[in-house]
Structures are given as C-alpha cells and as structure tokens.
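> Features from TrEMBL:
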COMPBIAS  B:1-18  compositional bias 'Basic and acidic residues'
COMPBIAS  B:28-51  compositional bias 'Polar residues'
COMPBIAS  B:89-101  compositional bias 'Low complexity'
REGION    B:1-121  region 'Disordered'
TOPO_DOM  B:1-178  topological domain 'Cytoplasmic'
TOPO_DOM  B:239-285  topological domain 'Cytoplasmic'
TRANSMEM  B:181-200  transmembrane segment
TRANSMEM  B:212-235  transmembrane segment
TRANSMEM  B:281-304  transmembrane segment
Amino acid sequence: MAFYSDNWVVYVALIYLAINKLLQYTISHHKQWKSKLPFPNVRVSRQRFLEKRHEIRKLQIENRLISAQDNYAQWTKNNRKLTKLEKELSSIKEELTKAVAKNDKLLGTLKLVVLTLPFLALKLLKGKHIVYHLPKSDVFPQLMSGVWTKGWLYLGLAPLQMLRGRSMSAVSITEVGVSLGIWLWALQRVVDTIEFLIKQLFLESAVTRPEPKVQEVHEINSDKIELD
Amino acid sequence: MSELSESEKRKILRERRQQKFRAGGASSRLNKITGQIPNSQLSTESSLDTTEANEHTKGLSNDEDVYQIIDSPEGNEQSTKEMDELIASISKPPSSKIIPPKSRDFSPTPELSETPGTVDPFSMLKAMQGDAEGNGSSPFDLFKAMQGGGQTEPGESPFGKDPVDEEMVNYHKYVVNKLKAYSILFKWLFFILPYVYVVIKSETLPFELPNWLVNPSNFFTIFVAFEIVATSIYYQKLQTFESDNNIDTLQHNNKIAKLASFIPNEGLPIRNVRDKVFMALHYWDVLSMFITDICFVLILMGVFTYI
C-alpha cells in the first residue's frame, strides 16, 4: 500500500501523459467529435440554416422550371424572394459561426482547466518527488547526477555555487534519484523518438529518386521566327 | 408634416435611383439576371436532369456537421476552377520555331521569306532605321552583348542558378530521415540497451566480462566515446547524401536556417553571422541527438530497477 501511496504521483502523471498523447493522435477527429456535442445554440442555428437552405433550393428549382419570358412577373418575384432568403441564410451562417467559435473557446478553456493546469501544478509541486533511485550512483558525473535529483534549477544554480566557492556535491554520494520532472521530460523525449522511428520505418511511403532533368540548350541561330 | 408634391416625390425617387446607379446596384441586378455572376438565378442547366436537385427535394440532410456548413465556400466553385484553368493555359509560353537561315544578308528592304508565314523582324527594323548608323552591328552581336559579355558558360542559364528541384528535396528529406531512424535504432538496440543492462545487472550475469567494461564509473566515458564515433559516422553518411543530391539538409529542413540565409554575411557589427548561425545549428543537432540517447539511458535504468 505504501508503494502505491508513494507513487500515486507517477500514476497520475502517466495518465495525464496518456491523455495528451491520445488528444495529439486524434487531432484530425476533433472537429467531428465537437460537432456531435449537444450544444443548444449550435443545434438551433444549424436546424434553421438547413431549413432555410432547403427553402432556397426549392425556390431555385421552381424558378428554373418556369420560363423567364413567359412568366416574367413570377420569375422576378421568385428572384426577389431568393435574394431575401440568401441574405437571411448568410446571417444565420454568421450566427452559427459565432456560436461554434464560442463553443470552441469554451472547450479550450475546459481543456486548460481540467488537463493543462493540473498537470502543470503537479509538475511544479511534485517535480522533486523521486521516482526511482539509479542502481549505481556513480554512473553519471556529479553535475548530471545533481540535475537528475534536483531538476533543471540545479544546472542554473551550479555556476553561482561555484562562484561562491561551495562544492557541487549537494547530492548524496550514496544514492542518486531521478526526480519526477526530469523523468517526465526524458519519457516524453523517448516516446517522441519512438513515434519518429515507427513513422519512418513502417508508415512512411517510399520515395524514389527523381530522374535528372536534361537541360535543353537553346542556341539562337537565326533571327527568323514563325508566327503562330 | 405637409404632403410632398408630385414633383418632389419624383425628385426624391430620381435621387434614389441615381444613388443606386452610382453604387452599382442596377448593373449588379442586371448581371445577376443575365448570369454573369456566381449564384445567378439564370442557368441553362435543367434542374430535372441533375441528381443533386432531386436529393434536396427529398428532405433535409442531417449528416452535414456544423464545421462543414461553416467551411463551405459561398458562390460557384466550378466557375472558379474554370477560371484557374484558363489562367494556367494563358500563362504557358507561346511556341515559336526558329528557322535556320540560308543567308545572313540583311538588305535594307524587307525581303519576302521563303517559308510562308515567317517574318524577318530584324531586317524590317533595319529597313525602318535605314543606313543612318553606318555599318551597324548585326543583331546577334547585340543579343550577345545583352547576355552580359560572355560571362555565362555555354549551356548555363544566363539568369542565374536554377531553383532546386522540389522532388529532389523531398527525396533528400526522405533519405535523411531514414538514415536518422536507422542510426537511432542501431544505437539503441545494439549498444545502449545491452550496455546499460550489463552495467546494471553485472552481478547476475552468467558470464564474466572485463571489469573496465562493467564498472559503473566508466559508463559515462564509454558512452560518450561511442556517441562521438556514432555521430561521426552519421554525419559522414549525411555528407555523402548531401553531395550526391546537391542539397544542404540544414537549409532545407530547418526554419531558423532558412531565415538565417537571408542575413547578409557582411555589413553587420558581428562578422559572418550567417555562418555562425549555421555552425550553432549543427552543434545543436549533435547535442540534441546526445540528449535523446541520455534520456533513453535514464528510462532504461528505471525499467531495469523494477525488473
């Protein structure tokens, strides 16, 4: 139980990472999913838009069926009605665009509040939590061991400490641990590299070398040209 | 409020009509009727023949999502495509044939060329100018002078170097990415993974290995030495590809390098800024690969701790 209670930070961080990766991989489907969400403002505008468009198309078909010369009055009346309907359609479309933009902004804020900010808070508050200790403490140089244990701040403060004359052996010589912040950074980098490897080795289609283009050398031997 | 007289009413209507004309209202309406603008009401297509019309009379289409509605363009797309095709056909260079001359004798009077439909413009020009220039230079001398005094080599375009072929750039990117992928895979699978395992689990190995190899304090030295060798091999291979394809990888793949190529090398307080930027980008590339391998080592050590 102690194992799980100590490492809940790691599990939560892994869950956040997994969710972020899932969102990254499914980015092409986001618009489709967002359009299926039952926002009342969008649903109403969309319905009105489709009805209006259907009306316009019906009237356009009717207008094409009648002869402009024989039924000029009716034809002109239909045209005027069409112009009016088109103006209404464009205003509904504008309304729909604004409603969609508002919903997109709301979803973005939701993602920020539910996903991004908590993950950032976890990294800031629990960034120095040791995920595991390196099996051998003398594998890396002291500077690097300090960074793994204390985080990137150690790298920034190291020159200052050297100027003050303090030694850099702020870390324990017996045990070198890897902090959560460093571990997450390393894990993300490794995952990105594995993605790159899979993409290049298995998913990318082969590109053949293009044939060299023979440059035509044009020499002017005559001042006569043939007219087209 | 007093009622307006007939003449005042007519005046107001006339002013409104004139305002409308000035704003182009009348002509836009006329264009709409005669079908000269998109979304025109006049169309020669029969609506009974089109299936699209039949689909819309059936009912509302509920499958269209809001993003498709918002992104759908207004107006007639087909006419836009036709216009694009027309512009493309106009921008093709006109064909012209050069007929080899039988003689280069330019007489003052315009001569009738032997091949019908051909014209000798230079002789016509000379005829128009007359012999006022005296001997006059042949048109070919003038043309050669226009080319810049023979500075270009035969066969070379006088307008500078040809732009790099896009197909070649894509092929080069593909080859470089493949090289990078294989080199990372090789390093990770055949060196880093086994070496880290051997260093961490040296006590549990069934066979004995030299002490200098499994000593944890030598790990970083051996690791860096391997990285130097691997990176040198990688860059040698990369240079071979670059010389074969005649493409600079950094300038075509890196946005900072593309921007830096606009910086002039002289005229700035710091000399050779562009070259320094390219060198820094090269070093960053090497450092980035090293950092990625270090990250892999850290993760592997964590995994082997729990195994």
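Each Cβ is built from the backbone N, Cα and C atoms, and glycine gets one as well.
Keep in mind that TrEMBL annotations are predicted by a computer and have not been checked by a curator.
Note that this is a predicted model, so its numbers are computed, not measured.
Set these features in their place in the structure for me.
Tertiary neighbourhood of the compositional bias 'Basic and acidic residues' (B:1-18): none, as no same-chain residue meets a CB-CB distance under 8 Å with a gap of 6+ residues from either end.
Within the model, the topological domain 'Cytoplasmic' (B:1-178) shows a mean pLDDT value of 59, rounded to a whole number.
Residues 209, 213-214, 216, 219, 222-223, 226, 230, 233-234, 237, 289, 292-293, 296-297, 300-301, 304-305 of the same chain lie 6 or more positions beyond the ends of the transmembrane segment (B:181-200) yet place their CB under 8 Å from a CB of it.
For the transmembrane segment (B:212-235), the list of distant contacts is 179-180, 183, 186-187, 191-192, 195, 198-199, 202, 286, 289-290, 293, 297: same-chain residues at least six beyond its ends, Cβ to Cβ under 8 Å.
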> May I ask for the residues of the chain that lie six or more residues beyond the transmembrane segment (B:281-304) and have a Cβ under 8 Å from a Cβ within it?
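Distal contacts: 184, 187-188, 192-193, 196-197, 200-201, 223, 227, 231, 234, 250, 254, 256-257, 260.
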